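Please find one structure pasted underneath; my questions will follow.
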Amino acid sequence: MAFFTPWKLSSQKLGFFLVTFGFIWGMMLLHFTIQQRTQPESSSMLREQILDLSKRYIKALAEENRNVVDGPYAGVMTAYDLKKTLAVLLDNILQRIGKLESKVDNLVNGTGANSTNSTTAVPSLVSLEKISVADIINGVQEKCVLPPMDGYPHCEGKIKWMKDMWRSDPCYADYGVDGTSCSFFIYLSEVENWCPRLPWRAKNPYEEADHNSLAEIRTDFNILYSMMKKHEEFRWMRLRIRRMADAWIQAIKSLAEKQNLEKRKRKKILVHLGLLTKESGFKIAETAFSGGPLGELVQWSDLITSLYLLGHDIRISASLAELKEIMKKVVGNRSGCPTVGDRIVELIYIDIVGLAQFKKTLGPSWVHYQCMLRVLDSFGTEPEFNHASYAQSKGHKTPWGKWNLNPQQFYTMFPHTPDNSFLGFVVEQHLNSSDIHHINEIKRQNQSLVYGKVDSFWKNKKIYLDIIHTYMEVHATVYGSSTKNIPSYVKNHGILSGRDLQFLLRETKLFVGLGFPYEGPAPLEAIANGCAFLNPKFSPPKSSKNTDFFIGKPTLRELTSQHPYAEVFIGRPHVWTVDLNNREEVEDAVKAILNQKIEPYMPYEFTCEGMLQRINAFIEKQDFCHGQVMWPPLSALQVKLAEPGQSCKQVCQENQLICEPSFFQHLNKEKDLLKYRVTCQSSELYKDILVPSFYPKSKHCVLQGDLLLFSCAGAHPTHQRICPCRDFIKGQVALCKDCL
């Protein structure tokens, strides 16, 4: 508060000066009136002199504080408060002088009837104001008209909370909250961004400053290499980025030619890789060069590269010490209000392990950074598991859920959970320019390559592989000494470099799935090299209800095959989804593949350029820190009614569309549903993942009572779910056709 001391002292000194001046002036007036009765000075003239002095003071004060957001709710000791104080002081002085003049006039003339310029009229001027001086002294605030709250679904609830809790932390009063609805509204619109800004309010200078720095695309990796060199944990990712550097540079240049990448705000972004911290107990970085899982490292390296090339300021953390150093300004801040001033970060990319570390490190300040989080989450987190109390009521004991974030803040490896956002990765092309020329000359052999580098994946698959072996050679890339489950006719190449694997795939006609691992990147790499993928069908579908692998994961998603993305979004002739236990079905697929000629195919979303486009759109358009959700645009909305027993994900998919959860809020009022020919004879609010829904017999609508429970997953047994679907760009399913 030291910053405001000069204003406070200045106003006190001026007040003292005015009181003294008024007293001396009054005495002089008395003396002058008695001595010079023939030329009485007008009280209005004297009043004008005092007002002129006050105007000069106010003008100087305004100049000193021109960068302060001023107004009736701007906080304590602002120019507005000083003006009100001065107004009260002047009014008091003028009233006293008016009484003094009246007494003098009575004393000299014996009556006040002939006084035409008496200041007794001054109080009537005050009465013309919206609020009287006495009201201001008693703390009454000016009324303000609240704007419409459409598009700000949380605003009303936040105002109700503030009415009960605004005294729980003195920081609210520091921001000008005084118990009135208008002060709540201004705080929630300008400090925490849950409500629309009042049109007459000036913009916060910090917000204005935020838009001064623009992002410029980068076309070299020097700064990023230097940044990542400090961490041995980043070695595998660093090597991947170096291998793909030329492709990335070409991609960012190509994207800049296709769409306008200028006038984008350069954002401060924290990237915290919890899985790579020593405290996590995982050894992903250590096993990366010896056959360990690479999916997370692939996704992280591609994300970091994209953020960097798009021109944002990134800071990378892979230890608790680094995290604390970056966030030290707010660590320990127990205030219920956000930290004032320049922001440390504006976006935070993190994983589930890092999420727990981040919350523990920040303590109470955590709540102010929740909306900035983007959580890398390969298998996804459905709303049912994300909502803490709802998950508890359903008996879910997963250690990965209950974060109470907007479900779209979870970023997945594939677009399998529409409630989440699809981040994806890049399918690497390991070849240099001379390789590319040579690879096109490679002739396809009558051979297949099995997708499974661990011996245990091959268990109980011999009959299935025998069918394939009847028609072609079977090759493998299994590592390790154990090969007991591998048939003797298989030609095992062991672990291959990325380059050698590409050449092997170019010689191969069929890439053979064994049913595990689920949803890996390898099938996409095979398809990109011209192989057909034999995709094992799961009947019944696999989920946490019947498969140990999914137990504990925060999703009830059902996998209909080893690779649902390839099944749904690619399909034939590149992907053949078959029942491994149906000999005829397998044989028919193998014969068809041998008789067809297919070209290499790579979905745009798994290229460098596709990922850059998608991440840029998310950074520019996705905003969970402000109440109004305007993206994707409403022009993309297509409303569908699901049949009982059918989820929104299913009904949208049947119509070649995607379920878009951000549109649910536009289908949660009776008047909104009328626009889409859904007429509610009656309605009620209910907190459940299966609503909004419609019961056609009675035309009864059930609307959502908790915004975090909007869900594309889940089927109602008797009601029709009211589903928000949207179109998508072929090869870029995360974006609608009007999204760019």
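The backbone N, Cα and C atoms fix where each Cβ goes, glycine too.
The following feature annotations were taken from Swiss-Prot:
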TOPO_DOM  1-13  topological domain 'Cytoplasmic'
TRANSMEM  14-30  transmembrane segment
CARBOHYD  ASN109  N-linked glycosylation site
CARBOHYD  ASN114  N-linked glycosylation site
CARBOHYD  ASN117  N-linked glycosylation site
DISULFID  CYS144-CYS182  disulfide bond
DISULFID  CYS155-CYS195  disulfide bond
DISULFID  CYS171-CYS337  disulfide bond
REGION    212-740  region 'Sufficient for catalytic activity'
CARBOHYD  ASN333  N-linked glycosylation site
DISULFID  CYS371-CYS625  disulfide bond
CARBOHYD  ASN432  N-linked glycosylation site
CARBOHYD  ASN446  N-linked glycosylation site
BINDING   GLU525  UDP-N-acetyl-alpha-D-glucosamine binding site
DISULFID  CYS648-CYS723  disulfide bond
DISULFID  CYS652-CYS725  disulfide bond
DISULFID  CYS659-CYS712  disulfide bond
DISULFID  CYS680-CYS701  disulfide bond
DISULFID  CYS736-CYS739  disulfide bond
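Help me picture where these features are in the structure shown.
Summarising the environment of CYS182 (disulfide bond), the number of other Cβ atoms within 10 Å of its Cβ, over all protein chains shown, is 20.
Its Cβ taken as reference, CYS195 (disulfide bond) is surrounded by 25 other Cβ atoms within 10 Å in the chains shown. Secondary structure at CYS195 (disulfide bond), taken from DSSP and collapsed to helix, strand or coil, is coil.
For the recorded site, CYS337 (disulfide bond), the DSSP three-state label reads coil.
Taking a C-beta cut-off of under 8 Å and a sequence gap of six or more, ASN333 (N-linked glycosylation site) has these contacts in its own chain: THR339, GLY363, PRO364, SER365.
Under the DSSP three-state reduction, CYS371 (disulfide bond) is assigned to helix.
Packing around ASN446 (N-linked glycosylation site) is summarised by its Cβ count: 12 other Cβ atoms lie within 10 angstroms of its Cβ, all protein chains included.
Around the Cβ of GLU525 (UDP-N-acetyl-alpha-D-glucosamine binding site), 22 further Cβ atoms fall within 10 Å across all displayed protein chains.
Spatially close to CYS723 (disulfide bond) yet at least six residues away along the chain are VAL639, LYS640, LEU641, ALA642, CYS648, VAL651, CYS652, CYS659, CYS712, judged by Cβ distances under 8 angstroms.
A 10 Å cutoff on Cβ-Cβ distances gives CYS652 (disulfide bond) a total of 22 other Cβ atoms nearby, all chains included.
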Round to the nearest Å and give the CA-to-CA distance linking CYS725 (disulfide bond) with CYS144 (disulfide bond).
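That separation, Cα to Cα, works out to 39 Å.
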By a simple count, how many Cβ atoms lie within 10 Å of the Cβ of CYS739 (disulfide bond), its own Cβ left out?
19
If you draw a 10 Å sphere on the Cβ of CYS155 (disulfide bond), how many other Cβ atoms land inside?
22
Are there residues of the same chain, six or more positions away from CYS736 (disulfide bond), whose CB falls under 8 angstroms from its CB, and which are they?
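Sequence-distant Cβ neighbours: PRO632, PRO633, ALA636, GLU660, ARG726, ASP727, PHE728, ILE729.
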Compare the C-alpha of CYS701 (disulfide bond) with the C-alpha of each of the disulfide-bonded residues CYS155, CYS171, CYS337, CYS371, CYS625, and give the closest one.
CYS155
For CYS680 (disulfide bond), write down the residues of its own chain that are at least 6 apart in sequence and whose Cβ falls under 8 Å from its Cβ; none is a fine answer.
GLU670, LEU673, PHE694, LYS699, HIS700, CYS701
When DSSP is mapped onto helix/strand/coil, what comes out for CYS725 (disulfide bond)?
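Note: CYS725 (disulfide bond) is in a strand by DSSP.
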